[in-house]
Amino acid sequence: MEPRWAQTGRDGPDDDEGGQQRPPPSLFLQLPSNATLRFRGSVARAWGAALEEGEPPGAPQERDGEEAGEQESVPLKQLPLCMAEKRRLRLREQQAAWKRSRWEQWQVGTRRMWGQVGGTLLYAQVWRGSLHHIEGHFGTGIQSYFNFLRFLVLLNLGGALLTVGFVVAPNAAFEGLQLNQTQKGPNSTVISSCLQYDPTKRGLVSYFTYFMDLLSGTGFMELTHLFYGYYQNSAVHFVGFSYNIPLAYLLSVLGYFSVCLFWIVRRAVHLLKRSLVSENGALNTYSNKVFAGWDFCLGPGTAVHMKHNSLRYELRMDLEEQTLRRLMAQRSPGQRLGLYGLRGAVNLLVLALLGVAFYCVYLATEYSQRDQQNSGLGQQGLVVGLLVAYLPSIVITAANQLVPLVFGLLVRLERYPLSLEIRLTLLRTVFLRLSSLLVLLFSLWSQITCNGDPDADSCRTCRYDHKQHPCWETSVGREMYKLLVFDLLVVLLVLLLVEFPRKLLVTHGPALLARLWGQQEFLVPPNVLDLVYGQTVCWVGAAFSPLLPLLNTAKFVLLFYLKKLTLFSNCRPADRTFRASSSSFFFLLVLLLGLAIAWVPLLYSVFVLQPSQACGPFRGEPTMWSTLSAAIDTLPHVAREFLQFVGSLAFAVPLFLLLCILMFYLMALAHSYSRLVKELKGQLRLEGRDKVFLVTQITELS
């Protein structure tokens, strides 16, 4: 039986040119979404009016100038259109080109030029071919690790260019050219014992002593451009130009940290937008994973099988989480109380493990510093000397490798959903890795400042322990240098002594051993946390070792090729995969946390601690910041008054109020956007009901 609108509309005046009938407006008035037109603004009302006038809902509309300009900047070959449509657009562009003014032609040419420049820079990206090769074999999840590693390489390279260009290279050039340097002498109130600092070895020095100095950063290494103590508190005058080395040192370090902060925040905001879209609850459904979850960048072979396992794992994880939530809702109050008690006991055990690890790091740092000061590396054997010098690094690395394994066993007792188990283990591991660095810095701070007591016997003379740390900035930089070297050595040893032998045993060994041990998985989160830990070490030591960013760049470049080698030779993708968008944002968030931790010792050293009197570019100054204050006093009157006003409360308080107003405005804007998103979701649900209604009408027709 035909519907009423089909019968009444036959041979009526509403027939189109092809003889086909269209439904009258009464059908569109019956749609469920039509009842909400008056709540949906002018766009929806215009859409409803267009339907009543008989225009098809998908009819093309005229675009405004901005949208048309955006499409003109995109090449036709990149548009998802058929050849006939592309020819029509080409003809339209040629006809419209004669009607444009010179200003519009210049705008179109500029957009095309920037598009070509962007395409050229895209082909000039570092490791572009390697990343596509990794993506094709292992998917976007593992590629996110190598993208993150490339980002850190570029970040360190920019910092290395900054410090080398403004500190290391000028200082080396001034020494080589033997230019006139005006060096600031020590204050008359400084005691002579505070000026004693000579790390060079006297007498006959063996080869293994030089090797020890190279690995531990002591001896002749302290008097190189690598460490803080080598640079002088002098200004170079030539051809009417004065170059202040202490001021350049301070500004380059602050600039390096500021550039890192800006770059990471900018990238994090970009990835946050992508993660909010991809991880939206409206999109994260079973149908999306089944019909739109395939990675078309994969090539045939093992990668396809791994992707099947990954999708199957995601679906299984979602089903397990729903089952677990259903069981949690069915638990009695007594069962919930027992579960909460078990989780509290597990958290207490986790805190106890963290406390033991931190105390071991503290004891190892104190013993290493005291033993090196009392006996010296040259009076010990090679193995014993290396163990003593690298004892804090060994303890930190052992804690970072062993304690997370215990975390993974304890988190299963807490009966959380599988995704929450992974996130909780990662958060505990991040806290362990970054807090171990804080414990190391606290141990060094307690030795340098005599536990913050300047009236102690060791610190009364120079306001810091000049006997154990005559150049305390170099001591801190030396510890970070040893952590960086030891981290690279651990990667090499694990690759040579663990991963390659395991691959050989699994491939050519007994079948039972292959089934029990299995091929090694490439776990993205632990590898990324290793990168974050290494980058945090570099940031902490950058203020006391100007060449540390350059060394870290070389380390990450070597690490890229080593990880690529072990990925294709020894590893397989992990069964528990992560989305590239959400995991990349989480990794940048952890990286921001590491940068915040690195800001703490930097700001404390710049504003509070007194610099060493025997070494460095800030010797003789009460604080490092005093150098910048003295440089501002030498500026012209207008510039000096302006900078002093910027640093005063008269500028800071209004700026703070303005930022608060801006923050409240952005919060209100975000709230309005969230309401708009909810309304759009409601409209999407109504559109779904419209489709059901139309399908019902089509069914009646048949």
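Keep in mind that glycine also has a Cβ here, set from the backbone N, Cα and C atoms.
Unlike curated records, TrEMBL annotations are generated automatically.
Annotated in TrEMBL:
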type     : residues : note
REGION   : 1-31     : region 'Disordered'
REGION   : 48-75    : region 'Disordered'
TRANSMEM : 148-169  : transmembrane segment
TRANSMEM : 247-265  : transmembrane segment
TRANSMEM : 345-364  : transmembrane segment
TRANSMEM : 384-410  : transmembrane segment
TRANSMEM : 430-448  : transmembrane segment
DOMAIN   : 471-581  : domain 'TMC'
TRANSMEM : 480-498  : transmembrane segment
TRANSMEM : 585-604  : transmembrane segment
TRANSMEM : 645-668  : transmembrane segment
Are there three or more C-beta pairs under 8 angstroms joining the transmembrane segment (345-364) and the transmembrane segment (430-448), sequence spacing 6 or more? yes
For the domain 'TMC' (471-581), the DSSP residue counts stand at 87 helix, 6 strand, 18 coil
Taking a Cβ cut-off under 8 Å, which residues six or more beyond the ends of the transmembrane segment (247-265) line up next to it in the same chain? 155, 158-159, 162-163, 166-167, 170, 231, 539, 542-543, 546, 549, 588, 591-592, 595, 598-599, 602, 606, 617-618, 624-625, 627-628, 631
The predicted model's mean pLDDT over the domain 'TMC' (471-581) is 84
